[in-house]
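TrEMBL has this to say about the protein:
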DOMAIN    229-283  domain 'DUF2179'
TRANSMEM  18-36  transmembrane segment
TRANSMEM  56-76  transmembrane segment
TRANSMEM  83-102  transmembrane segment
TRANSMEM  114-135  transmembrane segment
Amino acid sequence: MLSDAPKTKIIEILKDNLFFLVGSLIYAVSVDVFTAPNHIAPGGITGVCTMINYIWHWPIGMTGLLFNIPIFIWAIMEIGYKLVGKTIIATVFVSVAIDVIAKVLPHYTGEKMVAALFGGLLEGVGLSLVFMRGGTTGGTDMIARLLGRRLRNFSMGKLMLGIDSVIILTSAIVYGSIESALYAVIAIFVSTRLIDSILYGTDTGTGKLLFIISKENDEITKDILEMDRGVTILKSRGAYSGREGEVLLCAVRRYEVVKVKDIVRSHDKNAFMIVGEAGEISGEGFRQVKAEDKTLKELIANVKKK
């Protein structure tokens, strides 16, 4: 009989792979049915491979996997296998799914606007399922993350925007059409907005609050910072032992909790974690505090005036 810990781990692995599989299939439909047949290359490694498929007819999925291999090697050297493992699995799923779906489903060749909208919508749903379990599809987001370690003046978001902009502009040249680039922008916009809605919810000011107690605080902090999330180190003292120590305080999006847990477990399997609801989070990376936001006293005063 398996103990509770191994059972839980097996269940989590099965959940990961189920989400990766379903997300990969949905993402593959967006590429094979809508974007690729209509000469839309919506950024990322998949966008590059879509253009290569147009020129040389190489399979999009396997070409993407080949491009990702050196990126994975770089990532493993920089941040270690444990933090790249899920991304490798998800990327393999996506690559295989794209090439399988291409042989099964028909292509949509109607209105390009419809192709861009539905392509972006399905891409957003598919990627959200992958992101929910702490995975990514490699490519430009991994490159941006690795470059961000060296180019401290540039955020990961800006680096990704720069890389995807180059890919979209290149698509206009490859396809000989400005329209292709514009439809790619529409697909990306729909995809990113949908991902935000699914992962963040309608209120970007909510999330999860984590308290972490571990003997490997330095390594855990370093990896969480790589996620573009802040960490506060609180001084602590055990009531029973009387020993001085530190507690890590971290606020993250809901979908990022899985990734933080993976980071903590990779460094310290015996770490103590508390995960709680954060009803409202304001500041960088969350809901920005606006000048027109009123304090409670101001709101009460306005009600009294009325």
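Cβ atoms here come from the backbone N, Cα and C positions, even for glycine.
In the predicted model, residues of the domain 'DUF2179' (229-283) average a pLDDT of 86. With DSSP states grouped into helix (H, G, I), strand (E, B) and coil, the domain 'DUF2179' (229-283) comes out at 14 helix, 23 strand, 18 coil.
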